[in-house]
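Features as listed in Swiss-Prot:
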- 10-203: domain 'tr-type G' (DOMAIN)
- 19-26: region 'G1' (REGION)
- 19-26, 81-85, 136-139: GTP binding site (BINDING)
- T26: Mg(2+) binding site (BINDING)
- 60-64: region 'G2' (REGION)
- 81-84: region 'G3' (REGION)
- 136-139: region 'G4' (REGION)
Amino acid sequence: MAKESYKRDKPHVNIGTIGHVDHGKTTLTAAITSVLAKQGMATLREFSDIDKAPEERERGITISTAHVEYQTAKRHYAHIDCPGHADYIKNMITGAAQMDGAILVVAGTDGPMPQTREHILLARQVNVPALVVFLNKVDIADPELLELVEMELRELLTEYGFPGDDIPIIKGSALKALEGDPEAEKQIMELMDAVDSYIPQPVRDIDKPFLMPVEDVFSISGRGTVGTGRIERGRIKVGDEVEIVGIKPTAKSVVTGIEMFQKTLDEGQAGDNAGLLLRGVDKNALERGMVIAKPGSITPHTKFKAEVYILKKEEGGRHTPFFNGYRPQFYFRTTDVTGSVTLPEGVEMVMPGDNLSIDVELIAPIAMEESLRFAIREGGRTVGAGSVTKIVE
């Protein structure tokens, strides 16, 4: 019967568990499903079931990710959990699992560890909007130590640009909750209340300003030029003004027709594969890699800072390191653009399997904003992935 209640009448939010290895991320994920399942809000997922996460490919990169869904009284959640540290890095950088917020799991017995730091930094770099902390294993931790751990955590979060003083820190034991201990189950509900109230409701794609990456271009004699692609966000109506951004100087146009599967529409929206007929645009003025967007909503850039992950040899990546001045292609949305890489001071070379911050200068401008994801390619083969962290010019 519980299955029936999975109607999409609640707002949807994507979250995930992050934190150091063995601090209890997967146990917590299982505990959340176990506690909510008792209220008919989830299907119980065993630890072992979540732990052997299936492999997926995202932008040519293999990532193991477990997907769990559940709901609270207020929201419907899709929750991701990764078995390995490298999977988290890849997930966050490729945006395979776009997180609207995350639960940072820290063992009260250990306090913040190196991967705790790395995950907080990554969450900051790839713009995860909000974090809630679950201080785990409090049943076996020294109470005085817990106070120190909490202080240290708040300082660490502040250091990385999160509001450390305001972030909810919920203390509990995921294992005890999973075993059905009533007090520990209450702590899980407390955590979910914090997630409900502290992680902001994301703006739905359809409510964002219109943007469609151009995949293909053709002309209809006597009517004009059509750009086709999948609408990434927002909605578009016949008669709307748009800008064509990237590669060449930005141009303005008006949408005079919208087609989907050979049918004409009045409106296209996020997720639709559509063809847009553009007034007064020459066929040569539109090409793959440009975007058609709401005027003023996005601008073209060539220089940016990025957080990147470089594939290991075993993942199909490079076999050798690269150095300052490396010139691969950067694949944004629908096209490759060559760019040169400047490494951070003190970094001589980058090995396959590394993740780091780099500066990039492209040979042609691309419609860009912070958090935009891209692949790094060499002759069509993916060798890395990245996320724009800051636009320089």
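Numbering starts at 1 and runs along the chain as displayed.
Placement of Cβ uses the backbone N, Cα and C atoms for every residue, glycine included.
Distribution of Swiss-Prot features across the structure.
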residue	record	Cβ neighbours (10 Å)
G19	GTP binding site	27
D22	GTP binding site	12
K25	GTP binding site	26
T26	Mg(2+) binding site	23
C82	GTP binding site	25
H85	GTP binding site	15
V138	GTP binding site	21
Proximal residue to T26 (Mg(2+) binding site) among binding-site residues C82, H85, V138 (C-alpha distance): C82
DSSP helix/strand/coil residue counts for the region 'G2' (60-64): 0 helix, 4 strand, 1 coil
Coarse DSSP state, helix versus strand versus coil, of D22 (GTP binding site): coil
Three-class DSSP secondary structure - C82 (GTP binding site): coil
